[in-house]
């Protein structure tokens, strides 16, 4: 029963043990309990608990505190914080016990007797440089619980913290001129950081307007009555020994713009309108110019009239002017923050002040050719408007009508090459200038000129030299002159002079007899020494002479033969049958050597084409066959010596026929074929043999092997009794050679042997001149049907057997004995 009730409540079940668990009790209430024993006779008396029992969970010591952290460290103190245990053991925490252990010692020592219920404590009086561990325990009415996990080892020394800050300004700040602004924030760090302010990378210094205030935790830069020059990129640096932090702010101090830059330029002036231009303000006030305001004023009046207030261009058309009146223009610049002071122009009268350009002076004509001429002139006065085009005209001297030289504009150059002139005609030229007002008057006509190429004498030929000589001639060679004088080179004059003489003799009488850049001077005297010179000739005359540098002694020049082999004269030349064989070499030597081609020390085949030129020789054989292969030699010989080169030519062809084809070991279904390799393998390795057979009654050959590398083959699957022909051909990489064929058919039958001897020969009758004989068949017939029996007799004592006759049966009567 509850302690404050008198009624007993039975427990809902009966127990047979000496213990019971009572459920459904209310925490915090006090109860009495009683118990009675019962048997089959009945229930005995109750026994009651002596005092009330309060229902509550059992109380234990608290769990360990949590999250023990070190918040600050100095050289002689450590500040710690922690959180309460997850479970207080069923009773409120009464105090905390904080313990420390010097690293290297075994035991923890209690630090203080304070209760520390605010869970924060600073341990003081520590020794600088020592290292400690700390732990904390919770206590309730039951006692002290488990200690917390230890802190990491903590060494007592002044703590370092890199700088941090929290700035109250953004990346950009816009301020009106005259207003004040400030850049503020908070910062921290250990040791205490140094605060520096920069503007555009220059240290900011305090003055009457600029104030800098720094406390241990706050920073501030203030500027009073800002001016445009305060615009810039401001940087605050917070720095200590552990690092630095930087913050930036782009401050833009804005104002109305300064006036547009003058003077006002009158680009165009007409009787009813003008076009003016100006330059933008030097200072746009820190904000983009949004528009210009343009006004005009008649100088006879005091009233300014608006023209436009919505242009961003620095040019404007001033319309609706009265001819002859003088006007002034004023211009304001405007941005988001206001309108500038005005720019005022000089006075300008409204009248047409532009006209067409003047006529150019008489043009000069240069660089005349048969179909073109260059016209050159000076720029005339442009009439107040820029010249945009020149008009060049031409006319034949005897004609009356001027014609434009081109439809394309000519500008800004003051010369023009006039094309499409007719050769031999006489022309005059004139020039007009054009601006936006119109075309001015033409210049006076130029002096007349004829359309034809100017011709001058050519320059001398280049690098004349003696390139060869004999006992009565010298070969000269040179290069054309650098300049032909604008006339075609007709030819060259060659002159020579005997050393010691003063007179130059002509080797050729006319220039057109030597149109090329080489010449053989003949008729010279052997053993004498000569000088030579060459002149180029065009329609204007002869050039200055060009001399051969050194005198030349006239005599035969001997040079031993020299062979420069072409690629096809390598040591071995392979050519495919049917292709063309080409052997060639460049030949040098003075005099030119005699050329001899041979094959295996014999004359070459008549089918070979041999060509000999002044620089070399070539041998060519078309449609080569295998027999064209062999060792070819080329011999060159002159009085100074001889030289021979050889090349082995291999004509690659199909192989020849195999040799000694033989059929052996004939059976009823097979035979064995053998042969020897061809005498000629075609210059290439035999890759395989092709074996074919043919039934004599058939026209079709059938391949029985096409890849055999051996020189034998077993022909299988023959039809017994059938007659066959066989043939074999060799193959290399250039094709299949001719077949060799069996001379006579081979019959597919097993081989025949003589039959065995007849058995049991004996006589059955005898007469005075004859004997009757009988016998039995032999054991073996030799593989074929027995066709008869040969009967022979011999007189007793004689050596020879005498043939009697062949009989088909197993008996015979021998007569005539």
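Glycine is no exception: its Cβ is also placed from the backbone N, Cα and C atoms.
Here is what TrEMBL records for this protein:
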type	residues	note
DOMAIN	1-58	domain 'Fibronectin type-III'
DOMAIN	64-159	domain 'Fibronectin type-III'
DOMAIN	163-252	domain 'Ig-like'
DOMAIN	259-353	domain 'Fibronectin type-III'
DOMAIN	359-454	domain 'Fibronectin type-III'
DOMAIN	460-557	domain 'Fibronectin type-III'
DOMAIN	561-646	domain 'Ig-like'
DOMAIN	657-751	domain 'Fibronectin type-III'
DOMAIN	757-817	domain 'Fibronectin type-III'
Stretch-level contact, the domain 'Ig-like' (561-646) and the domain 'Fibronectin type-III' (657-751), CB cutoff 8 A, at least 3 pairs: yes
Integer average pLDDT (0 to 100) for the domain 'Fibronectin type-III' (757-817): 88
Tally of DSSP helical, extended and coil residues in the domain 'Fibronectin type-III' (1-58): 0 helix, 11 strand, 47 coil
DSSP-derived helix, strand and coil totals, residue by residue, for the domain 'Ig-like' (163-252): 3 helix, 58 strand, 29 coil
Residues of the domain 'Fibronectin type-III' (259-353) by DSSP state, where helix covers H, G and I: 0 helix, 50 strand, 45 coil
Helix, strand and coil totals (DSSP H, G, I; E, B; other) for the domain 'Fibronectin type-III' (64-159): 0 helix, 42 strand, 54 coil
